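Residues or ranges marked as repeat 'PPR' by TrEMBL: 123-157, 224-259, 326-360, 423-457.
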């Protein structure tokens, strides 16, 4: 009897000791998981008996989270297989950890969806993970469909779900639905949640609801840095660059919040679009002192800012110093050179790029259009199609512009007709193309179609329209459009519009009306307007008007040689030979020289010769 109890006590002691050892190992494994030492955790796991593990769901969920943390998908797959065999995948905590593994590391989102569909318990975390996944894949419609399914299953959305759905509305451009979700946010009491507030501000900003974005921001009691960045971004997206800069300085000086990389990127965009080089340099200095010099978003914005401010060399220096370059960086550099009309450099840089995104194709096509290099433009068009690009409104608008400027108006019209989505740039390119190719009637017809489509014309639209009227001699139509741009659309005429109108009236022999138009314009002292009118005087018989206009041009721009030549010709035509000699003598005293004539065709052919040499080859690969 004593022996029996002795053996029993010994076995009990061994069991306790074994359990203590197992618990110690489990604790160590969890510590390894916490520190990210996955291999140590798995090695220790192999020495344990699965049956003796306590709290198995928590244990394996921790292992799955560690696999996600250290980016080890293969080990996660092995643990998944073990979970299926042991039946632990039915646990909600384990299921969500498994879904997170596939969501963050899986190469195929279809597999992630299969894991989601196979979960025994799908809570709001599971649903929100899948909804967020579709949004990251730029499939907002799928995200919206899944959200309705979630509601059908009786799962209530949380703050992260609503934030994701607001992002989906933003991507879809559905402002009405976004406002509905805003209402849901208010009803559920999430209106003070900064994550949701910033998502709503961003949604309004992306869909031309900048006033709603500002109102929402003003209603926040203590907006954080993300909310400030969202409202600054909303202003920038809607071309309210002055307000964006004002909020940026207010955020730092009065509120004391520190901007992040996205804030700096947005503000630099505003500086670039305003041409505020001094402020841009100040923000650059702030970027350096704040430690964001290696941030690819900020540095790409710096490249863009300097390019838009005309300092392409500085833009190139920032780009060369970048440790990480992405497609946005390259596109910003290309855009800087293209905006400053250094089209040859655009082509050179394009050849150096390892990977070309759609936006870069648009820029290189604009460079080809600027050079009137139709052959090279067609090669870029072919590359774009071979790389799988199709139905991109930016690139196809650039193609329409290229073919129109190169005289291939039929190609331009064919691409334009097949475009499923047309933006204002597409319509402007087509109107300008017809105008430049002497087909004014068709330009006006395209404009009428644009208005019927509900597209609002802008400053550029009316330049194309008035140019078309000028070269087609459509005086009445030109006057009508010139009046409507201010009365109907609130667009203030610029020098380009006045130039077209002066040319139109002068070609029709209405010199006095053209002169009155200039005298009543805000830009009446711009020499280019008088130069256009002076050109018309060369073929008119009104010597008095011609003399007056030539003298006005000489007064505004003393170095413009044609004003002297035209005035001398006018004097000779009416027999005032002494006055003609005086004008020639005055021209000599002032050091004004006649510009030698040069053929544009000859110049363009030289450029084509350069582009067709071995120094230039658009085919960078053999795909």
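Quick reminder: no glycine exception, Cβ is built from N, Cα and C everywhere.
The helix, strand and coil residue counts that DSSP assigns across the repeat 'PPR' (423-457) are 26 helix, 0 strand, 9 coil. Each residue of the repeat 'PPR' (326-360) gets a DSSP state, and the totals for helix, strand and coil are 26 helix, 0 strand, 9 coil. Per-residue pLDDT, averaged along the repeat 'PPR' (326-360), amounts to 87 for this model. Each residue of the repeat 'PPR' (224-259) gets a DSSP state, and the totals for helix, strand and coil are 26 helix, 0 strand, 10 coil.
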